[in-house]
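Visitor: The following block contains the structure, expressed as structure tokens.
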Amino acid sequence: MSIFAKGYQARKIRRRYLERTLGSIASVLIIFWLTINFIKSPSQFFQASIIGLSNGVLYALIALGYTLVYGIIELINFAHGDLFMLGAVFSANFIAIWFGKSSSSPGAWLVFFGCLICVMSVSAGVNVGIERFAYRKLRRAPKLAPLITAVGVSFVLQFIGLRWNGSGPKTWNSVLPPGQFEISGVTIAYTTLYAIAITLPLLILMTWIVTRTRQGKAMRATAQDQDAARLMGINVDRTISFTFALGGALAGAAGLIFQQTRGLTSYNLGYQLGLIAFTSAVMGGIGSLQGAVLGALLIGLIQGLNDGLPIGLGQQWSQTVVFSILILLMAFRPTGLLGKPVTEKV
Amino acid sequence: MTAMLEVKDLQVAYGAILAVKNVSLTVNQGEIVTLIGSNGAGKSTTLRTISGLLKPKAGTITFLGERIDGKEGHLIVQKGLCQSPEGRRIFPRMSVRENLELGAFLRNDKTVIAEDFEKVLELFPRLRERIEQKAGTMSGGEQQMLAVGRAMMGAPKLLLLDEPSMGLAPVLVDMIFETIVKIREQGITILLIEQNASAALDVADRAYVLESGTIKMSGKASDLAKDEAVTKAYLGG
């Protein structure tokens, strides 16, 4: 081995050592920060965690749409966040205007579930349409072409939202039973529970479809090698459409949940939450379903703790904290928490 | 004998470049037919077009009396035309079992699939040892066995094999060719593409020689193996 190679090795080892030390220091600081907060006010700690997690499951619904589409055609579908926004605006109109429900009643709950089915179907349909007309032709084009198309579609959806919802945010009443309960000083709003109660089954259903069904098998095969999938007799176009439909349905459901639990719609929701959800997908390792959920829960938790703990940076630093952590994580694990290295093809 | 596959005046282009200029060939029921030729002659392009991964520019492809040129790939597989593609193209992040199951994607007859699964594992005992292993972590030879086995899981009437011996150690090359003969004994017709012309001509009944996109010669494999021009160009003689 030459001297240069030796020097290189030594540098590499030194750098790894430095990285590990920095990583450990960061972890210790975070644990220390969490511990003093916990000791200072355990109830506030749990409260913040629960709010964080309930945000996290919502991010997860949106993040799955990004990661599903990326997994199958390696496209960052920038329009996905805006689809979520349209889902929220659709739900608000469906419940409050078309059906005129603005308070909790059995009839309104029925409308809520009707809306869940409608918004999921409509969003799925819109997403399939977007793929069919905007992305399909570009499947063999250079990667930049579909990417810029996705940005374009994102703007189109955003402006539809702007026309529909107006330029400012609108507030709505929830039709779900209001209230909250307390367990040893921790107050939990019912809305938090609703968000989790609707999201969890959807996440489980989603995982079941991808891992256990024939259609899911076709999705995984198509994601790994489209031509080989065709040789197995898989209808690749239909499989990709199905993937967009799944992602769209989840975005629609997320829209309804957001609209009903936060009581708010705005044309730029897709930018705000979409970005966070996309970040979750990247943090978890884009293309990995479990990664997207893990990343989303982590980001929700980080935000919740940062915003809600007695000793913290507070809400105005929320985004800064999330993205700083993302940047740090990417430096150490470029493929994300559960991401796989890309080079596998011979 | 009836023609199972008939390719007539096939032309395939990548943009402006004509990769296959004039290919006509037939494969009869029960035969092993080989298509030999050097790198870039258009062999894989021909096979990819037959399987519907590429659309022909001109010409017709008839399989079991039905035109299949320009049809979607999955419809062609359904008719019983399966391919083990060049470069193996197994699904690296799936287990050997999942890969084989995907080979039977279009079939519903569970008991027959299970029988075929056993048959493939008998043909390639190595795959049985690796059944739960991720396919991407196997050696090149094992991946090749998997690619052929996976195509067999589609219950093919006609099996297209694209360079099954590429990049394999000599021992494995012999084993692959022995397997090809065994597969034919199961009643499956085979169209084989090879750069290893001597081995291919050894197992095949008939052969076609493809040169820069055009069929230059055809005939009985044993005759072509003795042909001076073929020997010079492909058999290193």
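Cβ from N, Cα, C; glycine included.
So TrEMBL says this about it:
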- A:21-39: transmembrane segment (TRANSMEM)
- A:45-71: transmembrane segment (TRANSMEM)
- A:83-100: transmembrane segment (TRANSMEM)
- A:106-126: transmembrane segment (TRANSMEM)
- A:147-166: transmembrane segment (TRANSMEM)
- A:186-210: transmembrane segment (TRANSMEM)
- A:240-259: transmembrane segment (TRANSMEM)
- A:271-299: transmembrane segment (TRANSMEM)
Visitor: Should anything in the same chain at least six residues away from the transmembrane segment (A:240-259) have a Cβ under 8 Å from its Cβ atoms, list it; otherwise answer none.
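Guide: Hits for the transmembrane segment (A:240-259): 58, 61-62, 64-66, 68-69, 72-73, 77, 80, 83-92, 112, 115-116, 119-128, 130-132, 136, 172, 194-195, 198-199, 202, 206, 209, 215, 218-219, 222, 265, 269, 273.
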Visitor: For the transmembrane segment (A:83-100), find every same-chain residue at least 6 residues outside the stretch whose CB is under 8 Å from a CB in it, and list them.
Guide: 62, 65, 108, 111-112, 114-115, 118-119, 122-123, 126-127, 130, 157-158, 160-161, 164-165, 170, 172-173, 175, 248, 251-256, 258-260, 265-270, 273-274, 277
Visitor: Please work out which recorded stretch in A:21-39, A:45-71, A:147-166 has the most C-beta pairs separated by under 8 angstroms from the transmembrane segment (A:271-299)?
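Guide: If we count Cβ pairs closer than 8 Å to the transmembrane segment (A:271-299), A:45-71 scores highest.
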Visitor: By Cβ distance under 8 Å, which residues at least 6 away from the ends of the transmembrane segment (A:106-126) in the same chain are close to it?
Guide: 83, 86-87, 90-91, 94-95, 99, 175-176, 198, 244-246, 248-253, 255-256, 260
